[in-house]
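A.B. asks: Here's a structure for you.
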Amino acid sequence: MPKHEKTSFAFIRKPLTHAVAATFAGSLAFAVAQAAEDSAKENINTSAESDADGITQARPKEVESSLGSVVVTAQRREENAQEVPTAISVLGGDDLQERGVGRSAGEILNNVPNSSAGTIQNGRPRWWIRGVGAGQQQLDFPNPIGFYIDDVFISNASATGIPIFDLERVEVLRGPQGTLWGKNTTGGAVNIVSKKPTFSDKPEGYVKADYGSFGDKVIQGAIGGTIVDERIAGRISFYNQDLDGRFKNQFNGKTAGAVDDAVIRGQLLFSLTPDLDALLNVYHRKYKTDGNVGTVKSNSATGVFRDGYIPSTDINHVSSNAEDSNEVTQNGISLNVNWQLGKLTLTSITAFANYKQETLSDSDNTPLEIGRGYTDAKSHQWSQEFRLASPREDRWNWLTGFFYFKEDIDSYTAAARLPDGATPQLPGSSQAVSFNSTDLSHKTESYAIFGSTTYSFTDKFDVTLGARWTTEEKEYDLNRLNNGNAASWSDYAQWWNNYNGNYGDVGTFSDSRSKRWNAFTYDITPQFKISDTQRVYFKFSRGIKSGGYNTAAANPLALNTLKPEELNVYEIGYKSEWLDGRLNFNANAFYYDYSNVQVNVVGTNLSVPISYLQNVEKASVKGAEFELEALPTTNLHLNANIGLLKTEFEKFDVQNGGGNYDGNEFVRAPHLTAQVAARYRIPLNNGNQLVLSADARYQGKQYFFVVPQDNDLLNQDPYTLVNARVTYSTQGDKVELTAYVNNLFDKEYRYHALPASNATGNTVYWGNPRTIGASLTFRF
C-alpha cells in the first residue's frame, strides 16, 4: 500500500519565506499609508464598540487611533490578550461581522491559523486545531477541543454546533489547556462569551434580519437593561434561521438540505451586595434538517454505480429514496456566582445541560434500497466548578479550584435494508434484506483539583506553574441485535420499531465495561518582557485525554478499550505592539510529542471490513503561526494570519492485520493555512458612513480520513475562498444595511467525505457555492 514519504521540517521553508516577505511588505505598506494619511483634524464620528456576532451596541467614540486592548479570560482572569503567554485568537464583534460568522459555532475555527471545522447543515462540527481533533460520531466520545458556553463545558460534540449570536467575544486557545480549562482539552479550547446584562438607564438591544441565497432567512436580536435599580438586570436574545436548501433530489423532485434552527437565551444578573453578584443563564434550542445533502461518487471508471444507476455529476444534485431528517432539542441552565472575600475572589459555576436527537437517514445516499438508519439519543450532563483567586496586584498571585462532571447517555440506533416494493426506490437492488439495532447506556463521572501560580522574579521576568489531577470513570452497557436468516417487519413506515424477524449471526452480541483513569497534567511557562510592548515566552504543557470504548462496534472483534492520549507540547512565542498601538504582531513555533492517538480506521478480519476505534502508538506535530493586526490609517483595519503545519503518524498499525500506515498525516491538517481581511470606512458628509470589507482564506491540501489517503475523493486539494461585503450605516450605527457575497469566485470544494460502505461509492459533502444576501440591522 502507498505510504507518505517522510519529510523534514524543510516543507515550511518556502511558505515561511513568503510569510516573512509578506510581513516586511505589510510593514512598508503600513508606513506609506500612515505617511499619506491626511494630517488635518479628523471629524468626530460615532462608531460602534464590538459586542456581538457582527452586532454592536452603538455608543459615541472618536475615530480609531489605536487597536486598543482585548480583554480575555484565557487564564480564568480578565487580562489583556497581548499579555497572556499562550497562543490565543480572539474574535470580537468586528471580526464576526466582517467574516459573517454565526450560523454555526463550527464556523469559528475557519478564522484561526492551523485550525478547521467542518459541519453538515450547521450540525455537529468536526473541530481541529494543529491537527488535533476527532472525527468520531459517537456521542460518548468527546472531542479533544474543549467547547465552553459562558464558562460551561459542553461534552456532547453534537451539541457544539449551536448558532452563535449576541456575543461579547469568542476565545480560541491553541494547544493543551489541561490545567485551568480541564476536561480532555488536549487540542485546545473554544470559549463562547455571551453579551451580559447591564444596568443601563434605558433598554438597549438590536434586531437584525438577513436574507440570502437558497431562501436563507435569519432573524436575530436582543433586548436588555435594568429590571430593579442597582439590583437586577436582564437580557433576552433570540436567533432563528429558516433555510430552504440548495440541493435537488432527482429521485422525488424535491428540494433537499433545509434547515430550521431556533435558539432563545435569557440572562438575569443579580447584584446582591457590593461584593456578591450572580448571573443566571438559560437557553433553549430547536433544530431540524430535512433532506439528504451527500452526493455519491462512483469508483467505477465507467461512472456506473451499481445496478445500472449512474450518479449525477452536478454537485447540487442528490438522489435519495429514504427519508433523511434530523431533529434536536437542546437546553442549558447555569448559575455563575462571584463573591469578593476581602482581596480574594470565590467563583462558583453550577450548570446542567441536556440534548435529545432523533435522526432518519438514507445511509447509502442513493435511490437504491441498500441501507437506511435511525437514531434516538439523549444525553444529560451536570457540572460544578469552584475557583478561588488571589488579586493580581502582588508579585505572587495564584488560583486554585475543584471541578466535578457527570454525564449520562442513552441511545438506540437501527439500520435496515428493506425488501423491494416496501418503500419508494429505484428497482434493481440485489442485496438481501437485513436489520440490526444497538441499545447503549453510557455514564461518565469525573473529578479534578487544579491550581496555577505566577511569580514575578523581576519586573521583566515571571514564571507560571500549573497543575491538575483528574480522575474519570466511564462505564457502558451495550446490546446489539443482528438479523438471522430471515428479516421481516410488521410496518415498513416505522421499520426501526416493527422488526419481527429472528436474530443471530456474528453481529448479535452484548458487552459491559467499566474503567477508571487517573491523570496528572501540568504546564510551566517562563516569560520575559523585552519592553513594555514586547515579550517572549516558552511553554511546556502536558495534556491527557482519557480513554474510552468503541461503542459503535458492529462486530465483537471491533470491541476495544482505548488507552488515554498523551501529549507533550513545547512552544515558544513572541507577542508585540508597535507604532503606538497601531500594529500587533504575534508569532509562535511548536512541537508535539504525541502518544496513543485515538483514531477511527477501517481494518479487515477474515476478509471482512471492520470499523475500529483504536490507538496509534506514536505521532508528532510541528509548526508555526503568525498573526498580524494593523490600523494603517484611522479608517483602514487589517488582519492577517498564517499557519504552517507538519503532522505524521510514526508508529501506526491497524488492528487485526489491517495494515501499516507509518508516515500518514493527520486528518484536516493542511501544511499551510493563510487568511487576510480588510475593512475600510468612508465617512460621508451627512455623518453617515460606508464600510467596505473583504477577506480571503487559503486552505492547503487536507485528508478526511487517516486511511486511506490515496483516494482523491477522500481528500481536498488546496483552495481559496473570498468573501466581500459593503455596509451603509447611519450616524451612531442606529441603522445598518449590508450587502454581501460569500465564495465570490464560486469555488467548488469538499468539506467532508465518507469512504465506500455497503458496496456504495464514496459520499462527498460539498461546500456552499457563491451565495449573495443582504441584512438590515436596527439598534436602540
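Placed from the backbone N, Cα and C atoms, the Cβ positions cover glycine too.
Pulled the feature table from TrEMBL, pasting it below:
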type   : residues : note
SIGNAL : 1-35     : signal peptide
DOMAIN : 81-189   : domain 'TonB-dependent receptor plug'
DOMAIN : 287-744  : domain 'TonB-dependent receptor-like beta-barrel'
MOTIF  : 763-780  : motif 'TonB C-terminal box'
A.B. asks: For a three-state summary based on DSSP, what are the helix, strand and coil counts in the domain 'TonB-dependent receptor plug' (81-189)?
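C.D. replies: For the domain 'TonB-dependent receptor plug' (81-189), the helix, strand and coil counts are 22 helix, 31 strand, 56 coil.
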A.B. asks: Count up the helix, strand and coil residues in the motif 'TonB C-terminal box' (763-780) according to DSSP, in that order.
C.D. replies: 0 helix, 13 strand, 5 coil
A.B. asks: As a test of reading the model: what is the averaged pLDDT for the motif 'TonB C-terminal box' (763-780)?
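C.D. replies: Mean per-residue confidence for the motif 'TonB C-terminal box' (763-780): 93 out of 100.
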